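Quick look at what TrEMBL annotates:
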- 1-18: signal peptide (SIGNAL)
- 241-268: transmembrane segment (TRANSMEM)
- 305-333: transmembrane segment (TRANSMEM)
- 339-363: transmembrane segment (TRANSMEM)
- 375-400: transmembrane segment (TRANSMEM)
- 406-428: transmembrane segment (TRANSMEM)
- 466-489: transmembrane segment (TRANSMEM)
- 495-518: transmembrane segment (TRANSMEM)
- 530-554: transmembrane segment (TRANSMEM)
- 566-588: transmembrane segment (TRANSMEM)
Amino acid sequence: MNQLFALAILALLQLGAAARIPSATEVVMGRQLLSETDHKYNVDDPVPLWASKVGPFTNPSETYEYYSLPYCRPKDGVKHKLLGMGEVVDANRMASTLYQLQFRKNRQREVICESVLDAEHLAKFRKAVKEDWYFQMYYDDLPVWGFIGRMEKLFKPRGVAEYKYFLFTHIDFDIKYNDDRVIEINVSTDPQEAVNISENVSGTVKARFTYSVKWTPTATTFEQRLQRYERFPLNPVHLEIHWFSIINSCVTVLLLTGFLATILMRVLKADFIKYNKDDPAMDEEESGWKYVHGDVFRFPPQKNLFCAFVGTGTQLFYLALFIFVLALVGVFYPYNRGALYTALIMLYALTACIAGFVASSYYKQMEGELWVRNILMTCFVYCGPFLIMFAFLNTVAIFYRSTAALPFGTIVIMCLIWCIVAIPLTVFGGIAGKNNRAEFFAPCRTNKYPREIPQLPWYRTTVPQMIMAGFLPFSAIYVELYYIFASVWGHKVYIIWSILAIVYVILIIVTAFITIALTYFQLAVEDHQWWWRSFLCGGSTGIFVYGYCFYYYYARSDMSGFMQTSFFFGYMLMVCYGFFLMLGTVGWRASLMFIRHIYRAIKCE
């Protein structure tokens, strides 16, 4: 076993080394500074400009390689930069370009090439301009963007509209430097330097691709160059509105939660006084939550699956917590999602031991005997559906020849991380949980035969209770969801991690309180089957979030096409499923603590 663990650690280190960019990677003050020559250059030193991807601006997941469009290629062949695992997952494919941007060397109308565009080339460029394609490049690890071309709409007599398409052939690079370091880069296109590639153009079209480079000094230091990307997406007015909306929704939700908690505490206080009285007349009536004390701690059906859900939900809870800690200390910075994806993959693998331990420990406490099946179910209860969804979506991306399709090597690395790290850690955690000597604490003894549940009105059944349970937590995060969606499924940048952390804490608190309240009302009508009900009610917020996906897709975004639609709803289904598991675990554990407290406070025979 020790040899297996040592091999797993060695493989993890080797995979980490393989996932790194060949040049040195350093973390300074939480900023990931990717360095080829320590970012220091002499005059006229070559600094490569890498083309990352192109794609429709409205479809962020539908991206393609830069040379999928018929741009001029280097004569000695296109060279590709070796990328980290997270950057590949982010659909980046760094390819060399013909732009010569030597350090501090100005250029004016430099010709890259002259190309003759035939009908096939014109159709590709025309499609790109019509769908509002953009390009993304990196210069000294700083991102730059620009559009492929522009479209004009002309109105003719009788209201007939005619569209003209123009391809940009000139790019202006405005680069700022401080001493021997690159600080900032901006890209602009010249509308006057555009070639007409409209549908009415016949034959071939000659295109002369040019560029200009202007270097200007700046007082901004190298350590401060990333602050521009942090300030860029923030408009003071929008930021103030953002804070006001979050505070307003949070205060409203907290007031409602406090109001509900106050009522519940007053009712509980009255119940404690009532049930602790030694009155024989009350025993004859037998109504209320006290009289299901012999069944309330009866273990749920399908406890194998239940414990696997709880273990995986606990893992996802700690995973989110660790991501927030890394974000708040400044590990992630704007326009570099690769670091976030790498952190998610590695932390998910490393926290697998939590899922195994929690699932196996609770399964043993619930007197389960098939602990091997429980560990295997914990391994696959979330990863199984996710791998199936990933296989389908990756196949779609391969069919579209998109950079969103992960290369075979990256898939092998991720599978090895799962097989060599995640699964063994889940097994180790499961063995530790199985050998844990803790016993399930129940203040009351469980009867041999279950008590009959009285017939209940429809609004006390599972589905109406889930709707009521999910609405209040969803209202706490509704405002923030738009900003998150606009960042993940758009081109906006989300950098206010402090707000998101506050919303996350409030979401956990509200989920716990609303589930506790509904569990109390369930027990008050002598319905003792609260185990699965509390989990489903707590996780129902994930269903609300997935419902919001439909609203965002059709009302707040311009996404279209089969690939983008399948990526959006497919991956969001997996995210909402993770939400369901995490918040369901929070709701169940809060309900368990509450039930133990109230039954410990009364006299039970």
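Quick reminder: no glycine exception, Cβ is built from N, Cα and C everywhere.
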Counting Cβ pairs under 8 Å to the transmembrane segment (339-363), which of 241-268, 305-333, 466-489, 566-588 comes out on top?
305-333
When you look at the transmembrane segment (466-489) alongside the transmembrane segment (241-268), do they share 3+ Cβ pairs under 8 Å, ignoring any pair fewer than 6 residues apart in sequence?
yes
Tertiary contacts of the transmembrane segment (530-554) (same chain, 6+ residues out, Cβ under 8 Å):
296, 299-302, 306, 309-310, 313, 462, 465-471, 473-474, 477-478, 481-482, 485, 489, 507, 511-512, 514-515, 518-519, 522-523, 565, 568-569, 572-573, 575-588, 590-592, 595
With Cβ-Cβ distances below 8 Å as the criterion, list the same-chain residues six or more beyond the ends of the transmembrane segment (466-489) that contact it, or say none.
60-61, 242, 245-246, 249-250, 252-253, 256-257, 499-500, 503, 506-507, 510-511, 514-515, 518, 536-538, 540-545, 548, 552, 556-557, 559, 568, 583, 587
Cβ under 8 Å to the transmembrane segment (305-333), counting only same-chain residues 6 or more beyond its ends: which ones?
27, 29-32, 226, 229-230, 339-340, 343-344, 347-348, 351-352, 354-360, 362-363, 366, 368, 374, 377-378, 381-382, 497-498, 500-501, 504, 531-532, 535, 539, 578, 581-586, 588-589
